[in-house]
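Written below as structure tokens is the structure these notes are about.
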Amino acid sequence: MTTASPSQVRQNYHQDSEAAINRQINLELYASYVYLSMSYYFDRDDVALKNFAKYFLHQSHEEREHAERLMKLQNQRGGRIFLQDIKKPDRDDWENGLTAMECALCLERSVNQSLLELHKLATEKNDPHLCDFIETHYLNEQVEAIKELGDHITNLRKMGAPGSGMAEYLFDKHTLGHSES
């Protein structure tokens, strides 16, 4: 393996930030992988909640786009991308819509915490460009995603999920079926 040659465009980009960006890329790809697993679980013939499937597929694509945006940043700043193995999702059977939404909320909170730590590191390394990038492209979107998932969980519980299959069916049809996702 050859070592990467030093970048001619690198300026005020600390090695710790570069490494943290690579870790964040891996986390975003992991999140995409988890959402992909959720999507195809709900697409199964014995689950058949097509709007849950569409919702989670959309989330998977968003997370992959987040990873790609970070890769582009890494190259723009003169860093080097070092991809790691992507961990498999903790489960293959997502049980029901409520459980999947709860797992998604936990995942989004984890991604958000990692982004907050990345922002803190960028602040400590006096990297205003990285701070602005994270603020502009990630932080508000994470807060909105966390709120949306929290709302979905609340509404599913109010409807009687997971005990009521009808609740999931109606939520799939009327809430997720009419969302922008």
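Each Cβ is built from the backbone N, Cα and C atoms, and glycine gets one as well.
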Q.
The Fe cation 1 site in Swiss-Prot lists GLU63, HIS66. Which one of GLU28, GLU95 belongs there according to the record?
A. GLU28
Q: Report the candidate from GLU102, GLU108, GLU168 that shares the Fe cation 2 site with GLU63, GLN142, as recorded in Swiss-Prot.
A: GLU108
Q | Secondary structure composition of the domain 'Ferritin-like diiron' (11-160) [DSSP: H/G/I, E/B, coil] | A | 114 helix, 0 strand, 36 coil
Q: Could you tell me the mean pLDDT over the domain 'Ferritin-like diiron' (11-160), as a whole number?
A: 98
Q.
Around the Fe cation 2 site formed by GLU63, GLU108, GLN142, which additional residues qualify by having Cβ within 8 Å of the site's Cβ center?
A. ALA31, GLN59, GLU62, HIS66, LEU107, VAL111, ASN112, GLU141, ALA145, ILE146
Q: Round to a whole number and give the Cα-to-Cα distance in Å for the pair GLU108 (Fe cation 2 binding site) and HIS66 (Fe cation 1 binding site).
A: 13
